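Asker: One structure coming up, written as structure tokens, with questions to follow.
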Amino acid sequence: MPMGLLSQFLTPYGRAQALFRQRLILMPLRAPLSTGVLALLLAVVMIAPAAASNRAAATPAIATLDWPLAETLLALGVNPAGVAQIDAYREWVGEPAIPAEVADLGLRAQPNLELLASLEPDRILISPLFAALEPRLSRIAPVTTVSLYAAPGDTWHNLREATRRVAAIAGREQAGEQLINATEAALREKRRRLPEHTPPLLLVQFMDARHVRVFGEGGLYQAVLDRLGLDNAWHEPTNAWGFSLVGLERLLDFDDARILVIEPLPTGVAETLDSSGLWRHLRDTRQTPVLYLPPAWSFGALASARRFAELLTNALTADTGASLPAPGSTPDA
Amino acid sequence: MPDMARAVTPARLCLLLSLLMLMLAGQGLTQQVSLQDGLQALLPVSAEAGSGVVVTHYSWWPRLFIALLAGAGLALAGVLMQQVLRNPLAAPTTLGVASGANLGLMAATLLAPGLLVMGREWVALASGGLAMGVVFLLAWQRGLAPMVVVLAGLVVNLYCGALAMVLLLFHQEALSGLLIWSAGSLAQSGWDGVIFLWPRLLIGALLAALILKPLSVLALEDSNARALGVSLKYLRLVSLALAVFVTACVVSVVGIIGFIGLAAPAIVRLAGARRLGPRLVWSSLLGALLLAVTDLLLQRFAGALPTLIPTGATTAALGAPLLLWLIPRLGLGAGRPATAAALPVRRATPALPAILSAALLAATALALLSGQNAEGWQWLPGAGDAAMIQWRAPRLLAAAAAGVLLALAGTLIQRVTGNPMASPEVLGVSGGTAIALILAILLIPGAGQWTLIGIGTLGALTTLGVLIALNGRSGFLPERLLLSGVAITALFDAVRHFILAGGDPRGQQIIAWMSGSTYYVDLPTALIIIALALLFGLATLPLSRWLDLLPLGTPTARALGVNTRYARLVLLGLVALFTACATLVVGPLSFVGLLAPHMARLLGFSRARWHLLGAALLGALLMIVADWLGRQLLFPDEIPAGLVASLLGGAWFMWGLRRL
């Protein structure tokens, strides 16, 4: 493995090594790395430690605090220089995976400035959520704010625009268009696969045994439902992130809706629910059984949207095969 | 008082509230189903029942019962604690039970989820009991003296709170469900809660009835009670343990609903119930009704909102103004001897300030010159990357300045009020500033730093205005002032819980700021704040005569020629100013303001001038070390300085308390 060998060579030169490692990370991982190119790069790094002139040509080193932005970068084939709270990203977003070399910047709300400065990124991407940090971050590198959810208007449109902006910053405009097209094509294909008559859905995530988030207008899930031509049963007002936090009993008002529980259930909740009279009633008196969906990050970008669409479609199609049809339903052609 | 006692009796109050509750309950019930169906829904319903009946059976009725039970339980625990501690501020939350249970549940969620499957209530009960055990342990040497118990409870509370904040900072997503619980939601989805709670409360009530007679004796001074042949230690232990048991049961089912346990006993006493027996009965009734009425009102008006409005946080928010109204009416003895004076004091060696200064210098060097980056530890003289100083210097300066300001504010307020529990946080100025800032973060998207600073100052000034308006007439009596502060702090807690329970992703930012971080300080701000700290420090020195005389009590101070009203007003103004400055920089967590004056006193700085100096040095030292440790311990994650200071200081303080 030439990479490891060369790194060992460089160990005495701490900073040069850091710079070098950064360059390597930024290359598409599968690309053939000939030793010649490496030697050249090494020479550049050794001779011109600042490497400023070299920087414009390569993909810029981008650090980001925001998970959806990190997700988008990764989906574009760009490895970020650093992402905040990588462990939690792995737990809650998961796909696309962050390679082990990407530096963990610490908390999203308080990224480690000393570490970030020592990584010397070319650009830092944030969402409006972290606007208060901008003056500080801009002393390290130019800061670009990309808004995913806070902007008014159609969520899907915002997601597309955000993807384009991130792609432009990363110098991957083409990959950006490809990502958008591929995601939309995948959603169209899912839409065709979906069963004809799907009842309105209630997308719920359990917070504890008595409270659920119900996803509605303004969120990622709703945007996906719209693209798939599915109805959301929940039309109540939602917060800025596209969900309402309500007691479990509110779900009883939606007799005809199909309940989709988005996993994971918090610890102990499954057991508690088994003995909850209300939930047993909700679960057992429905025409359609409750469905469980594996986790997909509810505040993500296009990659999360695609994953959610896939999980949703799989769940709905698998289920119709197994438990329907009722006598009155439309016969399959 | 006498004219009030005639018009308002506990019985009339409860009758009025029951009528209100019945009316609201009737309305709430008939909104969903007919009255007859609604009443029938008390009995088990069949699977074919309509959704209205099902909701009524599984959710509406259990919620009403749980509200009544929880309110009664908390009020009962409150009366017991206030009786034992002879302190109208004692409440189920004061002794660390609620925060201990909270911390235990958080830790279990993250570390040992298997425990939760066995039952959340048992985890809450065990950890709440453990926290209380620590409080007992700390106060045991002093025969569980009321003041020491309250102090120990306060410290354990802060300690558990700080640890919970650390967990929350790093695991917000995983703990989002728990945040709803800790904000106190009464929503029910079956009868399990009621079935769990009622037998336990019944046992608690029976036990309370059993120890009623010896408990009444506790209202007397210690020596009198002892003369009557009552074993004070064990009596206190038994009654506190009972109160904790009841609290933990309630808390484990419905979460933290703090205010009822404080308010119900206070109102009942104001309404004229004097003897312990009637106070227990009426307080429990009143607590039950208060919580049920609040919850019914909440269900009626908050149902349409996209976010959950937790009942526990609401009672705290509604309770705060009520407490402010109650304060002038509470019969608080003004001339009680200052407990602080009773603490043993060593003589300070003259070298002590020099030693502290040297330690301060060493800490400064350490914090400026060492740190970590992607390649591990870096020592500046070797690595030669001086650019790091630009990140470290502002934080160091801000930490030191905040430490000095809070320590000065703490020293002033402890001397003015003669109360060792006093701290800027208790006065509510931190809380007021924090409320304003939280609202600004939420309501003004992308607000800049200067906007936030402006709004924060406004919040501090408003709080100060409220404090002066409420206490001006009474001449700023220490106890009343503290109570006003507690009310404002309760309001702050409520706001915080509303926001955290709602699961808003911006909560992370607010938690980060609230836990007392120097993260957001830039160099100009840091220079301004350190200049202010030095200036204010010098400005307090001429006031040391007041500070020496005021703790001796109002009559003595007055006899020695101090205009006590004026002196208190000036000193409190300074406290508010110092606190606001520090809060704007490092958030509302001001454990240092409680701790530094205490440490200074324990080290032997007893005269006001030296007390101020020692506290300021200690405050700066504590904050600098805390800030540096917080940045290194979990690198690259940063633990806010305020939290580290709480954890370090809290440990030291508990050790010191044990020795007292």
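Cβ atoms are placed via backbone N, Cα and C, with glycine included.
Got these off TrEMBL a minute ago, pasting:
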- B:60-81: transmembrane segment (TRANSMEM)
- B:93-116: transmembrane segment (TRANSMEM)
- B:147-168: transmembrane segment (TRANSMEM)
- B:201-220: transmembrane segment (TRANSMEM)
- B:280-302: transmembrane segment (TRANSMEM)
- B:308-327: transmembrane segment (TRANSMEM)
- B:396-414: transmembrane segment (TRANSMEM)
- B:426-444: transmembrane segment (TRANSMEM)
- B:450-469: transmembrane segment (TRANSMEM)
- B:481-499: transmembrane segment (TRANSMEM)
- B:519-541: transmembrane segment (TRANSMEM)
- B:608-629: transmembrane segment (TRANSMEM)
Asker: For the transmembrane segment (B:308-327), find every same-chain residue at least 6 residues outside the stretch whose CB is under 8 Å from a CB in it, and list them.
Answerer: 67, 180, 183-187, 254-260, 262-263, 266-267, 270, 290-291, 294-295, 298, 302, 466, 470, 480, 483-484, 486-488, 490-491, 493-495, 497-498, 501-502
Asker: May I ask which of the stretches B:201-220, B:280-302, B:608-629 has the most CB pairs under 8 A with the transmembrane segment (B:60-81)?
Answerer: B:280-302
Asker: Do the transmembrane segment (B:608-629) and the transmembrane segment (B:396-414) come together with 3 or more C-beta pairs under 8 Å, pairs six or more apart in sequence?
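Answerer: Judged by the Cβ rule, the two regions touch, with the required three close pairs present.
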Asker: Most CB pairs under 8 Å with the transmembrane segment (B:519-541): which of B:93-116, B:201-220, B:396-414, B:426-444, B:450-469?
Answerer: B:396-414
Asker: Six or more residues beyond either end and a Cβ under 8 Å away: which residues meet both conditions relative to the transmembrane segment (B:426-444)?
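Answerer: Residues 413, 451-452, 455-460, 462-464, 466-467, 481-482, 484-489, 491-493, 495-496, 499, 504, 506, 509-510, 513-514, 572, 575-576, 579-580, 583-584, 587-590, 594 contact the transmembrane segment (B:426-444) from elsewhere in the chain.
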Asker: Which bits of the chain, at least 6 residues beyond where the transmembrane segment (B:450-469) starts or stops, bring a Cβ under 8 A of a Cβ in it?
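Answerer: Sequence-remote neighbours of the transmembrane segment (B:450-469) are 324, 427-429, 431-437, 439-441, 444, 481, 484-485, 488, 569, 572-573, 576, 579-580, 583-584.
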Asker: Which residues of the same chain, at least 6 past either end of the transmembrane segment (B:396-414), have a Cβ under 8 Å from a Cβ in it?
Answerer: 340, 364, 367-368, 420, 422-424, 426-427, 518, 521, 525-527, 529-530, 532-534, 536-537, 540, 547, 571-572, 574-575, 578-579, 581-582, 585-586, 590, 592-598, 600, 608, 611-612, 615-616, 618-624, 626-628, 641, 645
Asker: By Cβ distance under 8 Å, which residues at least 6 away from the ends of the transmembrane segment (B:93-116) in the same chain are close to it?
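Answerer: The answer is 81, 122-132, 134-135, 149-150, 153-154, 156-157, 160-161, 163-164, 167-168, 171, 174-175, 178, 181-182, 240, 243-244, 247-248, 251-252, 256, 258, 261.
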